[in-house]
Amino acid sequence: MYSASQQLQQIRNRLNGTTVGEGSLRPTQQTLLTIQQTLLNAEIEQQRKSLEGNTVLQDALQKQRDYVTANINRLEHQLQLLQEAVNSKRLTLTEKTAQEAVSPDETARIQANPLVKQELEINHQLSERLIQATENGSTLVQQNIKVKNWLDRALQAERNVKEQIAVLKGSLLLSRILYQQQQTLPSADELEDMTNRIADLRLEQFDINQQRDALFQTDAFVAKVEEGHSGEVNAEVHDALLQVVDMRRELLDQLNKQLGNQLMMAINLQINQQQLVSVSKSLQEILTQQIFWVNSNKPMDWDWFKSFPETLKSQIQGMKITVNWEKAWPAVMIAFLAGLPLLLIAGLIRWRLKWLKQYQAKLASEVGQLRNDSQLHTPKAILIDLVRALPVCLLILAAGLILLTMQLNISDLLWAFSKKLALFWLVFGVCWKVLEKDGVAVRHFNMPEKLTSHWRRQIVRISLALLPLHFWSVVAELSPLHLMDDVLGQLAIMLNLLLIAVLMWPMCRDSWRDKESHNIRLLTVTVLAIVPLALMVLTATGYFYTTLRLSGRWIETVYLVIIWNLLYQTVLRGLSVAARRIAYHRAVARRQNQVKEGAEGAEPQEEPTIALEQVNQQTLRITMLVMIALFAVMFWAIWSDLITVFAYLDSITLWQYNGTEAGAAVMKSVTMGSLLFALVSSVVAWALIRNLPGLLEVLVLSRLNLRQGASYAITTILNYVIIIVGAMTVFGSLGVSWDKLQWLAAALSVGLGFGLQEIFGNFVSGLIILFERPVRIGDTVTIGTFSGTVSKIRIRATTITDFDRKEVIIPNKAFVTERLINWSLSDTTTRVVIRLGVAYGSDLDKVKEVLLKAANTHPKVMHDPAPDVFFTTFGPSTLDHELRLYVRELRDRSYTVDELNRTIDRLCRENNINIAFNQLEVHLRNEKGDEHTEVKREIKGDDPTPA
């Protein structure tokens with residue numbers, strides 16, 4: 001009607017000439033618009049009359065539905081009666097056949113014959129099996145009828161639900177209808193698994209056919225039976241056996257027919273069950289998705305608060321708890337007897353509580369002692385805390401069992417809540433006891449007592465605040481229809497979530513202030529603190545059922561975090577104990593070795609062992625990896641049943657784009673699910689970029705015999721691959737496919753190739769460096785005027801740390817195009833040249849001997865190749881010599897030059913060899929040309945230094 005009204009208004013505007021940008025209408029156009037206006041007015045009037053008669057029509061349809069339902073029930077009842085009559089007739093005929101089989105018309109004397117009696121007993125067993133097969137066939141017929149009715153109703157419900165979702169989308173009525181449909185779905189537990197039964201029927205039918213084949217030749221079979229009993233067989237006995245065998249053949253035929261019918265019905269029943277399970281599963285997914293994303297209650301706006309007193313009054317008046325006292329008292333006695341073992345176990349634990357505390361104190365006193373401490377001390381102490389928390393859990397379960405048997409209208413709800421409450425007390429009870437004074441946290445985990453007291457107070461407050469949320473989450477899981485008008489619960493949960501958020505804020509604040517907090521811990525605590533605020537928003541907007549479903553999973557996630565932290569701290573302490581033991585055993589072994597070798601007069605020698613710090617780091621990394629994997633698996637187990645609800649996001653279209661499918665052009669949609677997938681893919685890619693290369697380095701590359709820098713090249717290339725794959729996945733999910741990206745990439749390559757030529761050149765040079773590896777991390781290089789150690793190889797540039805500890809950033813292109821000296825690429829042996837100038841008149845043989853002596857006596861100078869001394873040049877005032885020698889390591893060059901210079905200076909003084917230096921003489925003459933005075937000054941020139 002709204003669309004028709006809009007069209008009618010547009011026609012009026014065009015007829016009145018008020019449409020912008022449109023000229024005067026021709027007479028034919030005016031006539032056409034007038035006819036359309038009349039038609040739309042008639043349609044609107046017809047729809048208005050339909051709305052006026054909607055109540056009458058709804059009553060008529062309701063009566064028609066009741067009539068059809070009653071007619072269906074009557075027909076089903078008639079079908080049931082007819083089937084029962086058929087089954088009764090079939091059973092009567094079967095019993096008659098069985099009676100004839102076991103009571104043939106023989107005399108008592110013939111029946112007393114052992115052979116005849118034996119064969120009659122076999123017939124009797126077959127007749128009993130025939131009666132049982134007939135009854136089983138009747139049962140299968142009843143099951144087939146029931147499952148077929150369920151299947152028809154499920155198919156009809158599926159069609160109705162889709163129509164109702166399309167018509168009532170976004171209304172509270174839709175949520176009520178969906179809840180009712182969900183309650184009427186058949187459970188898979190009500191369906192019998194027919195696989196084994198079909199296999200048994202096939203096997204039994206095979207045995208029956210074998211028996212029938214054995215009776216094909218009656219005379220031969222009777223002769224085989226009579227074989228060895230010639231004294232007991234006469235003509236009458238022989239005839240009686242023939243008659244018994246004939247009757248057995250008839251019994252086997254009928255039994256085979258009954259088994260065939262059973263097999264056919266069992267197969268049909270299995271097919272119907274599979275169809276029913278498939279339809280029910282599909283319907284359950286649809287209902288779960290729709291219920292999760294449909295508001296179950298009215299939003300908490302001003303109208304909600306104005307109607308709150310009246311709605312609360314009607315809700316309280318509707319609360320009624322009924323008890324069937326006639327069945328309650330006997331059931332309570334039975335439940336008390338059933339819960340008696342739980343009470344006895346709780347009493348036994350309370351009786352031995354003092355001994356448990358003493359044993360736990362004994363374990364705590366042995367913590368830290370090398371001889372008495374072990375990895376099992378902490379698990380034993382935690383197990384004792386678990387046993388100490390059990391009595392209250394058992395009492396809660398016993399009370400829930402009694403309430404379950406009292407025939408209350410909310411017995412199932414109370415029993416489910418008691419199980420949840422028992423688990424709640426078990427987890428938080430253990431946590432409270434671990435954090436108590438002189439508990440496991442203080443004595444085993446070495447946590448400060450002040451900190452444990454603070455955390456214990458916080459956890460006690462938060463755990464008590466979780467109880468109302470826990471109860472209503474059970475209500476949402478078992479009876480969602482009760483949430484429709486539950487204004488009391490909506491307000492209570494709103495205040496409860498606010499209280500939880502206020503209590504969790506200090507924990508979040510303390511974690512952020514703690515500089516030693518791990519990133520995962522910070523993320524976990526922050527998410528747990530934000531969740532109550534998000535749930536408050538959902539509750540206020542009317543998504544009360546969604547809030548409670550998420551709350552239940554959130555509470556279970558809190559359990560997981562507590563258990564995971566407890567397990568993680570236990571593992572860390574176990575590793576610490578193992579490390580201390582390894583260190584202790586190594587120290588004892590070293591001492592014994594020293595004593596033993598000292599007694600023998602030999603020098604104690606230490607065998608190379610793995611550093612304890614290295615063992616601890618590797619073990620801690622692997623342990624952390626396993627713990628994170630375990631947390632991920634358990635987290636998935638908690639939230640897996642709600643993952644399917646996010647498929648609803650695929651129905652929310654954000655935008656559309658042109659695509660191809662099977663060679664044809666189609667319109668594809670980018671949905672909210674696609675956007676969520678893109679965000680998740682981005683987060684996963686970011687996490688992989690940050691953690692996967694390092695993890696690969698620790699677990700794989702560090703165990704391979706790779707050359708220096710190879711692992712860095714592999715992890716860098718892996719980073720590039722992750723970035724490319726992540727970008728393609730994200731863009732692809734957002735509708736930017738590769739066939740579009742490749743043209744964009746080509747255009748960018750051409751455009752940027754000119755504008756960013758140097759950057760692309762450096763990027764390609766970086767790839768060449770990583771693959772060809774002319775330089776590696778840790779190499780000492782000289783490029784141009786810069787020398788130092790390579791510390792980083794990035795996409796655009798490489799960082800060199802020079803000998804002044806300054807970082808020099810050099811573009812990658814320079815390593816490919818310019819001359820590069822890599823001092824440690826293949827061989828670290830380098831030559832050192834020391835230049836020396838001696839005065840004219842010095843003994844050259846003595847100079848050579850002194851220089852060779854200085855080089856040969858130095859421990860870092862290599863003897864192969866041997867040092868050499870060369871007289872190179874007659875200088876202006878010196879006789880220049882060069883001492884050429886080799887050192888094994890690059891880091892030895894400076895130290896060797898320094899020590900050799902000092903040694904050469906000392907030896908030259910000892911051997912009266914003058915090291916020449918530049919001198920300047922100035923002669924002053926007067927005007928007459930006579931020499932007046934003479935001034936001599938030594939000019940300190942640059943003494944030749946080793947290069």
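Cβ from N, Cα, C; glycine included.
Note: TrEMBL annotation is automatic and uncurated.
Sequence annotations record features per position, and here TrEMBL assigns coiled coil to 65-92.
The domain 'Mechanosensitive ion channel MscS porin' annotation in TrEMBL covers 1-118.
As annotated by TrEMBL, domain 'Mechanosensitive ion channel inner membrane' applies to 338-655.
As annotated by TrEMBL, domain 'Mechanosensitive ion channel transmembrane helices 2/3' applies to 716-757.
The domain 'Mechanosensitive ion channel MscS' annotation in TrEMBL covers 759-824.
The annotation domain 'Mechanosensitive ion channel MscS C-terminal' is assigned in TrEMBL to 832-915. For the domain 'Mechanosensitive ion channel MscS C-terminal' (832-915), the model's pLDDT averages out at 87.
What TrEMBL records for 928-947 is region 'Disordered'.
The annotation transmembrane segment is assigned in TrEMBL to 328-349 (among others).
Taken from TrEMBL, the feature transmembrane segment applies to 386-408 (among others).
Taken from TrEMBL, the feature transmembrane segment covers 414-435 (among others). Long-range contacts of the transmembrane segment (414-435) within the same chain, counting only residues at least 6 positions beyond its ends with a Cβ under 8 Å from a Cβ of the stretch, are 382, 385-386, 388-390, 392-394, 396-397, 399-401, 403-404, 408, 441, 452-453, 455-456, 459-460, 463, 466-467, 470-471, 473-474, 477-478, 555, 559, 562-563, 566.
The transmembrane segment annotation in TrEMBL covers 459-475 (among others). Residues 413, 416-417, 420-421, 424, 428, 431-432, 435, 482-483, 489, 492-493, 496-497, 499-500, 503-504, 507, 548-549, 551-552, 555, 558 of the same chain sit 6 or more residues outside the transmembrane segment (459-475) yet have a Cβ under 8 Å from a Cβ within it.
TrEMBL lists 487-508 (among others) with the feature transmembrane segment.
Per TrEMBL, the feature transmembrane segment maps to 520-545 (among others).
Same-chain residues lying 6+ beyond the ends of the transmembrane segment (557-576) with a Cβ under 8 Å from its Cβ atoms: 375, 378-379, 382, 423, 427-428, 430-431, 434, 441, 444-445, 466, 524, 528, 616, 619-620, 623, 627, 630-631, 634-635, 638-639. Marked as transmembrane segment by TrEMBL: 557-576 (among others).
Look at TrEMBL and you will find 624-649 (among others) tagged as transmembrane segment.
Counting residues 6+ beyond its ends, the transmembrane segment (669-689) has Cβ neighbours under 8 Å at 646-647, 649-657, 719, 722-723, 725-727, 729-730, 733-735 in the same chain. Here TrEMBL flags 669-689 (among others) as transmembrane segment.
Using a Cβ-Cβ cut-off under 8 Å and counting only residues 6 or more beyond its ends in the same chain, the transmembrane segment (520-545) has close neighbours at 175, 291-292, 295-300, 476, 480, 483, 486, 489-490, 493-494, 497-498, 500-501, 504-505, 507-508, 511-512, 551, 554, 557-558, 561, 628. The domain 'Mechanosensitive ion channel MscS C-terminal' (832-915): residue composition by secondary structure is 32 helix, 25 strand, 27 coil, according to DSSP.
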